[in-house]
Amino acid sequence: MAAPLVLVVLAAVTVRAALYRSSLAVFIAERVEVASPLNSWKRVVEGLALLDLGVSPYSGAVFHETPLIIYLFHFLIEYAELVFMITDVLTAVALYLAIQDFNKVVFKKQKLLIELDKYAPDVAELIQTPMEMHYIPLKVALFYLLNPYTVMSCVAKSTCAINNSVIAFFILATIKGNTVKKKRVLYDFLLSLEIAFLSAVFLALATYQSLYPLTLFAPALLYLLQRQFIPIKLKSKSFWLYTMQYASLYVCSLVVIICLSFFLLNSWDFIPSVYGFILSVPDLTPNIGLFWYFFAEMFEHFSLFFVCVFQINVFFYTIPLAIKLKEHPVFFMFVQLAIISIFKSYPTVGDVALYMAFLPVWSHLYRFLRNIFILSCVLIFCSFLFPVLWHLWIYAGSANSNFYYAITLTFNIGQILLISDYFYAFLRREYYLTHGLHLTRQDGTEAMLVLK
Amino acid sequence: VCTSRFWFNYRHVANTLSVYRSVKRLGIPDSHIVLMLADDMACNPRNPKPATVFSHKNMELNVYGDDVEVDYRSYEVTVENFLRVLTGRIPPSTPRSKRLLSDDRSNILIYMTGHGGNGFLKFQDSEEITNVELADAFEQMWQKRRYNELLFIIDTCQGASMYERFYSPNIIALASSQVGEDSLSHQPDLGIGVHLMDRYTFYVLEFLEEIHPASQTNMNDLFQVCPKSLCVSTPGHRTDLFQRDPQNVLITDFFGSVRKVEITTEALSLDKDVAGSESKFPDEELATEPLKYAEQLPVAQIIHQKPKQKDWHPPGGFILGLWALIIMVFFKTYGIKHMKHVF
């Protein structure tokens with residue numbers, strides 16, 4: 001499988017290099033859908049220039065990147081294009097390897113459940129075969145690398161690519177956790193510590209970069225518990241022990257990373273500039289998210305309340321989803337990633353591209369998706385309408401912000417409906433697997449599954 | 001300075017341009033004149049005689065032409081620009097023609113016309129300058145030694161209110177009307193359709209037509225120009241801040257560029273060695289700092305670049321800590337025994 005992957009990588013790199021050299025690069029770099037105040041390249045350059053002039057880059061509300069990014073780009077700023085292309089390639093390779101391992105896990109689990117006779121007799125057509133699962137990792141890498149959103153994000157040199165790669169490495173570390181070579185260890189929990197360590201480190205790094213991957217703690221924990229065959233009961237001692245270990249690993253690595261960042265500039269300035277900025281949303285530049293319009297028209301004394309409401313909205317779906325999807329943590333991770341990229345305070349199309357890369361993993365759900373045609377049309381049309389209405393609003397002056405916000409709303413509704421459609425299809429397939437394909441009601445007529 | 005725009009304020013532009021012409025005629029070059037006009041008359045679509053601005057009825061005198069050098073035109077005539085010109089606080093990129101390069105030996109004439117009220121003057125129909133701001137600007141000029149003597153003439157309604165607040169020395173002020181009175185315009189021209197001049201400026205110009213560079217007319221004559229019978233409004237003046245007697249102040253001190261020239265028929269040899277002449281008067285020579293003009297044009301700043309700051313480098317402790325952490329994580333996940341393979 002390496003050769004097609006290499007071909008895909010080469011194609012992606014060519015496309016990006018070609019776009020870098022063309023005149024479109026400047027046009028794309030300044031689009032608000034691609035570059036938000038958190039991750040635009042102009043601000044990175046500005047922050048580094050301020051640093052060269054002897055001023056802290058966090059003074060003044062220009063620079064909102066973490067100190068590790070300062071360190072990374074201080075030496076690599078001349079090779080920025082190369083860095084971003086390599087980052088994209090690394091993300092794709094990480095996703096490829098992760099999905100490869102995930103497929104093995106899925107297949108093993110499926111085999112186990114078939115042997116245990118947990119499936120109904122007539123669901124043979126729903127079972128995934130290795131044949132069709134063979135090309136899924138390649139498709140995932142393809143979806144990520146050649147997605148127009150990713151390409152635009154890379155050409156704009158938005159640091160969203162770095163965030164995506166950290167999350168991808170985190171997913172790889174989590175999924176690969178069980179295949180670390182088992183060494184001779186004395187105690188069981190030491191082994192589990194080894195497994196979870198890299199995953200916790202990458203999760204801490206992802207949370208440090210942008211606050212929202214905090215919510216990915218739950219699916220990662222559920223996955224690792226599943227791998228350890230620890231049942232998820234609230235009274236189980238091993239469950240709490242493992243949770244405590246993972247949580248403490250995660251928190252400790254986060255604290256270590258933050259303290260290390262303090263030593264870069266010898267100040268804690270970066271905390272209000274990065275996390276305070278993400279949480280309190282002071283910059284209301286239009287983007288593809290939902291925050292800017294609301295807060296632009298809101299009265300001052302309500303804004304604190306609504307900021308809290310909007311931010312809780314991002315974190316809120318974790319618990320119900322954890323309860324519902326505790327058997328399927330990787331799907332939970334996908335849904336959580338989607339929720340983060342829809343409801344975060346400054347979303348860009350790079351975030352959308354990350355969760356869209358996972359769609360081939362659930363291509364077997366295709367027959368249960370109800371609205372996929374309409375939703376894909378909505379998403380494609382909205383993507384094209386964004387620059388049109390921006391031009392009408394800002395340059396031609398014949399539209400106003402309501403038009404652009406309408407497209408934002410439609411785009412986000414499209415994304416939400418996409419996720420809920422996949423959610424419905426997933427649950428429906430699970431139900432069919434255990435209860436058989438032809439459901440009958442009590443009086444013998446054919447029944448329909450409804451998501452309540 | 002003409003502070004109005006739009007076609008019906010034709011007379012203000014004509015006022016300013018007429019004063020400009022007189023001042024040029026009496027010898028002041030363009031490099032010493034800052035002319036601020038909205039400059040929308042000559043090429044206005046409503047002008048029946050394009051490229052001209054007339055100041056006398058029957059179109060006798062065209063005060064616009066090839067040799068009119070407008071320094072601040074159209075939307076550049078703002079209160080901010082006016083005050084910056086006066087006080088000299090101008091961005092380094094401003095060209096010389098837009099600067100008032102005066103020093104402590106310069107006599108300055110300021111002529112302003114437009115629409116005004118009690119204590120303010122309207123600029124371009126969108127902002128105002130108050131008499132307090134103007135007085136403060138003049139005080140700044142005095143403290144920066146930007147003028148020797150200043151003559152301020154204003155032709156607006158209630159113009160005397162503009163000089164009420166001056167408190168800097170060496171200023172004479174003239175206004176076309178008192179507080180509560182309106183200044184009136186002089187003559188409409190039926191061919192062009194607007195009033196061509198204001199009364200006060202018209203009579204001032206008639207007065208100035210008789211001045212030539214050698215004339216000995218003094219300020220008191222200027223104060224008598226345009227009595228109430230001709231002007232309908234009562235012109236006012238203020239001389240209490242002025243140190244000399246207005247009787248002794250020549251009109252050409254302000255309106256013209258008159259230099260004292262001595263013609264000699266002997267040949268003077270300029271000696272390279274000036275030390276000899278200096279030693280004749282040792283007791284008269286005091287060790288004084290050479291006198292120089294105030295720095296108007298910050299040439300040094302423009303020519304010499306600022307030295308480049310030292311580049312920032314991340315502290316060594318940070319780099320050490322970061323890479324130690326990375327190596328620790330690497331070996332924790334992949335096992336210490338791999339170190340054997342590395343070495």
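Yeah, the Cβs are placed from backbone N, Cα and C, and that goes for glycine too.
Annotations in TrEMBL come from automatic prediction, not curation.
Since the structure is predicted, the reported quantities are computational estimates derived from the model, not experimental observations.
Feature annotation from TrEMBL assigns signal peptide to A:1-17. Feature annotation from TrEMBL assigns transmembrane segment to A:68-99, A:185-204, A:210-226, A:247-268, A:274-295, A:302-323, A:368-390, A:402-424.
Of the candidate ranges A:68-99, A:210-226, A:274-295, A:302-323, A:368-390, A:68-99 contributes the most Cβ pairs within a distance under 8 Å of the transmembrane segment (A:247-268). Listed by sequence, the residues of this chain that lie at least six past the ends of the transmembrane segment (A:274-295) yet keep a Cβ under 8 A from its Cβ atoms are 32-33, 36-38, 61, 64-66, 210-212, 303, 306-307, 310-311, 342-349, 352, 386, 390, 401, 404-405, 408-409, 411-412. Residues 31-33, 148-149, 286, 288, 349, 399, 403-404, 406-407, 410-411, 413-415, 417-418, 421-422, 424-425, 428-429 of the same chain lie 6 or more positions beyond the ends of the transmembrane segment (A:368-390) yet place their CB under 8 Å from a CB of it.
Within its own chain, the transmembrane segment (A:68-99) has Cβ neighbours under 8 Å at 5, 8-9, 12-13, 16-17, 20, 41, 44-45, 47-48, 51, 57, 136-138, 140-141, 144-145, 150, 154, 157, 159, 161-162, 164-165, 168-169, 171-172, 175-176, 208-209, 257, 261, 264-265, 354, 357-358, 361, counting only residues six or more beyond its boundaries.
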